[in-house]
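Chemist: The domain 'C-type lysozyme' annotation in Swiss-Prot covers 1-130 and is backed by sequence analysis. Feature annotation from Swiss-Prot assigns disulfide bond to CYS6-CYS128, CYS30-CYS116, CYS65-CYS81, CYS77-CYS95. The feature active site is assigned by Swiss-Prot to GLU35, ASP53, with similarity to another entry given as support.
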Amino acid sequence: KIYEQCEAAREMKRLGLDGYDGYSLGDWVCTAKHESNFNTGATNYNRGDQSTDYGIFQINSRWWCNDGKTPNAKNACGIECSELLKADITAAVICAKRVVRDPNGMGAWVAWTKYCKGKDVSQWIKGCKL
């Protein structure tokens, strides 16, 4: 499913991401935009470590989920990576909350560091009926 921006914002808010671990809803929407363009079905294979990034937040199979093919995977979220590709983003949000609790916080996402960190991320939810 490809979410519209405000639709994604509403879902993320409903699932408790606004203010989670000190990050605003705008941070999460900005990150999802630059990671997957709000596409829950997005996958990207990383040749270097043979891992794959999954879903709206592009969560990686080396650390966070099990896809049965990533060498030395940790599965810290305790889920199948396929759960992260569903139209319903509940599992992706639960796992993203686990990711952000790590010391790196949202720095775990290259897109957040590059496009959202230190920026006015409120623009990502402007005009959305939340």
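Quick reminder: no glycine exception, Cβ is built from N, Cα and C everywhere.
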Chemist: Can you tell which of CYS6, CYS81, CYS116 has the least company, meaning the fewest other C-beta atoms within 10 angstroms of its C-beta, among these disulfide-bonded residues?
Modeler: CYS6
Chemist: Going along the chain, which residues six or more apart from ASP53 (active site) have their CB under 8 A from its CB?
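Modeler: Sequence-distant Cβ neighbours: GLU35, ALA42, THR43, ASN44, ASN46, ILE59, ASN60, SER61.
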Chemist: Determine the most Cβ-crowded residue among the disulfide-bonded residues CYS30, CYS65, CYS95, CYS128, using a 10 Å radius around each Cβ and all protein chains in the structure.
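Modeler: Per the Cβ count, the most surrounded site is CYS65.
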Chemist: C-alpha of CYS77 (disulfide bond) to C-alpha of CYS116 (disulfide bond): distance in Å?
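Modeler: The Cα atom of CYS77 (disulfide bond) is 24 Å away from the Cα atom of CYS116 (disulfide bond).
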Chemist: Determine, using Cα-Cα distances only, which of these disulfide-bonded residues is closest to CYS128 (disulfide bond): CYS30, CYS65, CYS81, CYS95.
Modeler: CYS30
